[in-house]
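Okay, structure first, notes after.
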Ligand SMILES: [Fe+2]
Ligand SMILES: [Fe+2]
């Protein structure tokens, strides 16, 4: 008896479902960063607004990368609906605290999919996910460093102004 | 039960059969034959998978509370249309669940055989 399931798709139902959930999480990240960009812009933090616009675009690219992978492997990619995006933030600092929380949640989520791939011996998807694991290293570093600026620069006097000017300069080099 | 005038039953492999219906696979045509409530539908694996996803999502509790179009669910699938009552959905769900369990089992076996190193 032919293995029609395997002929149709490289992905198991479980991994396909986890990847679709990840598509939704990346879309959600993209929407949250867009919301953060709006808040920063409204409150005079132009540098941070730019930073979050860029982050939002990156998340959108992550979403599409997974979306296309699901389709390329013969799966069904599901376009997610995103709602309940936070519009207001209490403080400038809170925006960055949320950003780091967001990235940590994404890293955890990838770890979960990777664990499943190991269990199913899906080495093809595992190799695909390596790019994202590397990306999360950078994402967490940048988010953590941004929050650190609140400590090293300080929030008093022209602190916010300086922080906002420096957010865009944060760079990560793995080497 | 299977309409012999429509396809050659000898080439069909039983996937899952209940008292209410059946799913057979054709390795020649790379497709599946679903026989249920008096009709046989020829479906690709993708379509059968889509059908399962739709059936799994049907809210039976909600269906029972409907007064006007009581107890009827219409499912449109690429080349097929299914009009099902609540009880039929339960029966079809059982057939699909059984079939997909067999597909998974077949995949595990095929995968093991593919990996056998013959020295
Ligand atoms: Fe991302
Ligand atoms: Fe990210």
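Here the Cβ of each residue, glycine as well, is placed from N, Cα and C on the backbone.
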According to TrEMBL, which candidate in A:16, A:26, A:155, A:175 joins A:59, A:62, A:103, A:136 at the Fe cation site: A:26
Residues within 8 Å of the A:26, A:59, A:62, A:103, A:136 Cβ centre (excluding the Fe cation site residues themselves): A:25, A:29, A:58, A:106, A:132, A:135, A:139
Assigned conformation of residue A:103 (Fe cation binding site) - DSSP reduced to three states: helix
In sequence order, those binding-site residues of A:26, A:62, A:103, A:136 whose CB lies under 6 Å from ligand 2: A:103
Cβ under 6 Å from ligand 1: qualifying binding-site residues of A:26, A:62, A:103, A:136: A:26, A:62
Fewest other Cβ within 10 angstroms of its own Cβ, chosen from the binding-site residues A:26, A:59, A:103: A:103
